[in-house]
Amino acid sequence: MNLHEYQAKQLFAQYGLPTPEGYACSTPCQAEEAASKIGSGPWVVKCQVHAGGRGKAGGVKCVESKEAIHAFAEQWLGKRLVTYQTDAHGQPVRQILVEGATEIARELYLGAVIDRSSRRVVFMASTEGGVEIEQVAQKTPHLIHRVALDPLTGPQPYQGRELAFKLGLSGKQAQQFGQIFLGLATLFLQCDLTMAEINPLVITPQGDLLCLDGKLDVDSNALFRQPTLLEMEDPAQNDAREAHAAQWELNYVALEGNIGCMVNGAGLAMGTMDIVKLHGGAPANFLDVGGGATKERVTEAFKIILSDEHVRAVLVNIFGGIVRCDLIADGIIGAVAEVGVHVPVVVRLEGNNAELGTRILADSGLNIIAATSLTDAARQVVSAVEGK
């Protein structure tokens, strides 16, 4: 679950990280009042959406007057912001963040992720703040410095000092960086985060460190023990189809192709998308119905896939390990009949009762094409899309 910038900064403040004074506002009048609380300008106004690239899209602006703040709020509140990280429809802007402008002498980067190869929380720091860390990793990887947290001892002060010295900090700045490191590490662990990022972490002309922007991702599997964070969720930022899928415990990710994919198992789903692409097709989605696929879940999966107007065919790839393929076949037939599927449906069944399931599909009289293998399924669904 993603958090907005203003929510991340609220948590930063709770854990002792220095942030600019700012207020999240949902009306132009509130935005003007926030500017008055902060004091004299200039101010920075930022659209609050779950996407990067806001500045280049016009969603971040430095303004000199309250009239300009009012105009910015009127321009964006209730609208959708399109950035390079969103789809063509963009993300809805329900709030803007008003902050006092900060003078910047230097920009740094500090972030943390879960490194699955080492099974540790790994902190990364760089002198190249203010740009995407992926660009730094690609072009100048030697400028990224790392430390891993031991799960038994947790973050240690010496690790913060080590990163600070590698960034060229000393004295008061090294001490401040160490405190920010410990605070962010504690926040990461206590709030069950999967990613935390301060970019940029700036040094002001007075020599103080300030968290100018923040991004936090919470582990969705841990939300049952994070009720306060769960209340921060903004459902409006989620894709409607992905939200519908989550209600049925389906893992769905929208893509840009025209072949809908329904598979049980994440690895098989990724392999299915790969082989569709290999044979010239373009997957419209990733959809994992899980090991306990039922008629109801298959029906909802069809509804979600077909809600994408670009879908011109559907590929169902089921491996019957936990589930019986004949029951899945009955579920597919019932779902196709209930939903009213008007595009070709190619089904490949393998495993427990696969032959019986294939016969059931063949005898259904519906527009369902039974495939003999995964390769055959990919070829057939691509041919169906091409009208062959």
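Any Cβ shown, glycine's included, is placed from N, Cα and C.
Taken from Swiss-Prot as is:
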type: DOMAIN; residues: 9-244; note: domain 'ATP-grasp'
type: BINDING; residues: K46, G53, R54, G55, E99, T102, E107; note: ATP binding site
type: BINDING; residues: N199, D213; note: Mg(2+) binding site
type: BINDING; residues: N264, G321, I322, V323; note: substrate binding site
T102, N199 as binding-site residues, winner by CB count within 10 A: N199
ATP site span - longest C-alpha distance across K46, G53, R54, G55, E99, T102, E107, in Å: 20
Of E99, E107, D213 (the binding-site residues), the residue whose Cβ has the fewest other Cβ atoms within 10 Å: E107
Where the record names N264, G321, I322, V323 as binding substrate, the maximum Cα to Cα distance in Å: 10
Integer Å distance between the CA atoms belonging to G53 (ATP binding site) and D213 (Mg(2+) binding site): 13
Per-residue Cβ crowding (10 Å cut-off), top of binding-site residues G53, G55, G321: G53
Proximal residue to R54 (ATP binding site) among binding-site residues N199, N264, G321, I322 (C-alpha distance): N199
Arithmetic mean of per-residue pLDDT over the domain 'ATP-grasp' (9-244): 94
N264 (substrate binding site), number of other Cβ atoms within 10 Å: 25
Helix, strand or coil at E107 (ATP binding site) [DSSP, three-state]: strand
Nonlocal neighbours by CB distance (under 8 Å) for K46 (ATP binding site), same chain, sequence gap 6 or more: E5, R54, G59, V60, I96, L97, E99
Lowest local Cβ density (other Cβ within 10 Å) among binding-site residues: I322, V323: I322
For N264 (substrate binding site), the one of G53, G55, T102, E107, N199 that lies nearest, given that the binding-site residues are compared by Cα: G53
Rounded distance in angstrom between the Cα atoms of G55 (ATP binding site) and N199 (Mg(2+) binding site): 13
Spatial separation of T102 (ATP binding site) from G321 (substrate binding site) - C-alpha basis, Å: 58
